[in-house]
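*Asks:* OK, Swiss-Prot features for this one:
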- ASN31: N-linked glycosylation site (CARBOHYD)
- 36-56: transmembrane segment (TRANSMEM)
- 95-115: transmembrane segment (TRANSMEM)
- 128-148: transmembrane segment (TRANSMEM)
- 151-171: transmembrane segment (TRANSMEM)
- 188-208: transmembrane segment (TRANSMEM)
- 257-277: transmembrane segment (TRANSMEM)
- ASN278: N-linked glycosylation site (CARBOHYD)
- 295-315: transmembrane segment (TRANSMEM)
- 334-354: transmembrane segment (TRANSMEM)
- ASN372: N-linked glycosylation site (CARBOHYD)
- 376-396: transmembrane segment (TRANSMEM)
- 424-444: transmembrane segment (TRANSMEM)
- 448-468: transmembrane segment (TRANSMEM)
- 493-513: transmembrane segment (TRANSMEM)
Amino acid sequence: MDAKKNTGEANNDVLEEEAAIQLIAPGIARNLTQEVITGIFCNVVIYPLLLIYFVLTFRYMTTNIVPYEFIDEKFHVGQTLTYLKGKWTQWDPKITTPPGIYILGLINYYCIKPIFKSWSTLTILRLVNLLGGIIVFPILVLRPIFLFNALGFWPVSLMSFPLMTTYYYLFYTDVWSTILILQSLSCVLTLPFGPVKSIWLSAFFAGVSCLFRQTNIIWTGFIMILAVERPAILQKQFNTHTFNNYLKLFIHAIDDFSNLVLPYMINFVLFFIYLIWNRSITLGDKSSHSAGLHIVQIFYCFTFITVFSLPIWISRNFMKLYKLRIKRKPVQTFFEFIGIMLIIRYFTKVHPFLLADNRHYTFYLFRRLIGNKSRLIKYFFMTPIYHFSTFAYLEVMRPNQLTFHPITPLPIKEPVHLPIQLTHVSWTALITCTMVTIVPSPLFEPRYYILPYFFWRIFITCSCEPLIKDLKPAKEGENPITISSTKRLFMEFLWFMLFNVVTLVIFSKVSFPWTTEPYLQRIIW
């Protein structure tokens, strides 16, 4: 009797193990349950180590390397001190962003200073971004999305994104601008307070984020499209007819205007009033931030995203796919190369700040590569890089698109149960918002690519293919080979940390004087 019982239990274990392993192609399988458990375990183990790393490096940077206001901090700190003195109507005309970060810094100052009286004002203000980056961002923003899409990304990786972590140590606007707009996205995807309250909360966070960076109003539009699209997919039954789905989205927006569109429309109306009052999207010094047609900016953005996402896509098959595309479409590829060269020639804006400020990596990238006087480098070297980066950006998106059956609707009843994926409609919206956000900017600033990266990365999953070897399925009759994305997700984390450590070492060790500045200057993104 016991033997039968043990045999039954053993059979149940085998059945459970087989159920956990899913056959995704002939001879190829994935153990999704194990991948999820491993991902959660890695995040739980790595997160406290990251906390220690960022706290220690913050202390080292603030006390030993830059205990003084660095670059734009003199404007941000100065304006916050003005508010501390109660001068709420006084504004530094050189500041171009809204006062959100100064108000947040003010609140943090009144909370921290009575407890840690020996801490300097600069340290307390910088602490705003550190706390946001290592606590609020991974726990309140990324964690809820991760629980819905544990195979897509690791919170410990995204909180370590190199373009973002630079500002954990400084009093800049980028960290909280990112946190708030992505919190708005998180509310739409996870609906933590139900389908109505969550949308209003999402709109609230999006509106507040515009007090930190004006261009977040564009991302508010993208989030609104998602808020309308996800219930429309089910209620209007999206199918393979692309144009029909656009119409269904529009009709659903009208049908449920008060719950899905009105919350965001309030933000748009308020922003329109701001534009009329200010006569520009830019506050303060408008002459140095006048909008233009800087189309090559999209190639800069795609190149940065491609480099940072290298562990996600790199494989022999991916490179073969690019070569195959060139072979199959040689004429189209030729004209694409010509188009990129023409964009480089006629739509490259060289801002005076870019050529004059050697405290940014973009200064060196532009002089030695992007804007090199040699046509061989500027055109014939950079054009293939831009072309491949655009291909990589779009190709990684392609298999992550939510597709539909021509007739049969999705077997899902609630929007909250939809996968964290975009349709052809929202992919188009994402690319459009990315271009509208960065193309008008005359400045080549990598921090402008933080949000385009995050909005792209959250909706994709990394490849499960081997990095070097070809993926060969098991032969017929043999057990299928099991593939996993865990190694690549872990590599993504290590890849980011490599950038973080290298840039931190450069920032710490490389210094030089400026005649107009009282302290030594250093290099950041």
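Sequential numbering from 1, following the chain as shown.
Placement of Cβ uses the backbone N, Cα and C atoms for every residue, glycine included.
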*Asks:* What does the structure give for the C-alpha distance between ASN278 (N-linked glycosylation site) and ASN31 (N-linked glycosylation site)? Integer Å is fine.
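*Replies:* Distance (Cα to Cα, whole Å): 56 Å.
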*Asks:* Tell me, if you would, which residue among ASN31, ASN278, ASN372 (glycosylation sites) has the fewest other CB atoms within 10 Å in the structure shown?
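*Replies:* Comparing Cβ neighbours within 10 Å for the glycosylation sites ASN31, ASN278, ASN372, ASN278 has the fewest.
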*Asks:* Residue list, the transmembrane segment (257-277) vs rest of chain: Cβ under 8 Å, 6 or more residues beyond ends.
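*Replies:* Tertiary neighbours of the transmembrane segment (257-277) are 195-196, 199-200, 202-204, 206-207, 210, 214, 217, 220-221, 223-224, 227-228, 231.
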*Asks:* At a C-beta cut-off of under 8 Å, are there same-chain residues at least 6 beyond the transmembrane segment (493-513) that contact it? List them, or none.
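*Replies:* Sequence-remote neighbours of the transmembrane segment (493-513) are 46, 57, 60-61, 65, 154, 156-157, 160-162, 165-166, 308, 310-311, 358, 520-525.
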*Asks:* Who are the long-range neighbours of the transmembrane segment (151-171) in its own chain, taking Cβ under 8 Å and residues 6 or more past its ends?
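*Replies:* Tertiary neighbours of the transmembrane segment (151-171) are 32, 35-36, 39, 42-43, 46-47, 50, 54, 57-58, 61-62, 66, 70, 73, 76-77, 80, 101, 105, 122, 125-126, 128-130, 133-134, 137-138, 142-143, 178, 304, 308, 420, 446-447, 449-450, 453-454, 457-461, 485, 489-490, 492-493, 496-497, 499-500, 503, 524-525.
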*Asks:* Are there at least 3 C-beta pairs under 8 angstroms linking the transmembrane segment (334-354) and the transmembrane segment (128-148), leaving out pairs fewer than 6 apart in sequence?
*Replies:* no
*Asks:* At a C-beta cut-off of under 8 Å, are there same-chain residues at least 6 beyond the transmembrane segment (295-315) that contact it? List them, or none.
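*Replies:* For the transmembrane segment (295-315), the nonlocal Cβ contacts are 161-163, 340, 343-344, 347-349, 370, 385-386, 388-390, 392-393, 395-396, 434-435, 438-439, 441, 444, 446, 448-449, 452-453, 456-457, 460, 462-463, 465-468, 471, 488-489, 491-492, 494-496, 499.
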*Asks:* Cβ pairs under 8 Å only, please: of the recorded stretches 36-56, 95-115, 188-208, 334-354, which one is richest in them relative to the transmembrane segment (424-444)?
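*Replies:* Ranked by Cβ pairs under 8 Å, first place goes to 334-354.
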*Asks:* Taking DSSP three-state, what's ASN278 (N-linked glycosylation site) in: helix, strand or coil?
*Replies:* helix
*Asks:* ASN31 (N-linked glycosylation site) to ASN372 (N-linked glycosylation site): how many Å between their Cα atoms?
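*Replies:* On Cα coordinates alone, these residues lie 49 Å apart.
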